[in-house]
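Okay, so here's the structure we're looking at.
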């Protein structure tokens, strides 16, 4: 990967879905997936990009799914919240083990001895000093997704864009696994997404991004070098703006 060009984003909020971490497994964490993503993060930090990180919990437990199985919704969401902490701990340890860049794991709920409580001023200071800040435990509240947490932290930390790393190449007109005529959108407006009822993220999260004019790019983080290319201005995945 060449560093001749200058990156176009000073600070990003990277949202990674939990499913990305499970690799080819049906459940849990795949160490090879962790290492590959950690290396991509390390590379962009070393060229000067500031990175905030939010990780989902779909590889472990989703609150909404657990509630459908009969658990209380609040308890289900608390299990999902704790699952994000597990994923975040794994990512922090992986980054620390393969690179020299610094990390800080913050939680929206108190978890003494495991990670520190989220603090806005400290997070801003750390990001400015090129420390990767991992925001875990979602918003700390039930009924809110990690997409909502990503939008919230992205707006709070004045990120230039939310980059949503998934297992697919971007936003499609329909599910490409079910419809051979589905096509990939390269650019969309917030209005387009709402009108077409495209499932980019939940409505609460998406509305928050729209109201604060926070651009979102959905891309396939499994594609080698995709994160770096986006940072350098390549039109990879799908960009959503006003």
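Using N, Cα and C of the backbone, Cβ positions are placed for all residues, glycine too.
Quick caveat, the model's predicted, so the values are computed rather than measured.
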With 139, 140, 141, 142, 143, 144, 145, 146 listed by Swiss-Prot as UMP-binding, which of these, 77, 93, 192, 211, is given for the same site?
77
Taking the centroid of the Cβ atoms of 77, 139, 140, 141, 142, 143, 144, 145, 146 as the UMP site, which other residues of that chain lie with their Cβ within 8 Å of it, listed in sequence order?
63, 80, 81, 138, 148, 149
Which of 77, 175, the listed binding-site residues, has fewest other Cβ atoms within 10 Å:
175
I need the CA-to-CA distance for residue 144 (UMP binding site) versus residue 58 (ATP binding site), whole Å please.
14
Tell me which of the binding-site residues 77, 142, 146 ends up closest to residue 15 (ATP binding site) in space, Cα to Cα.
146
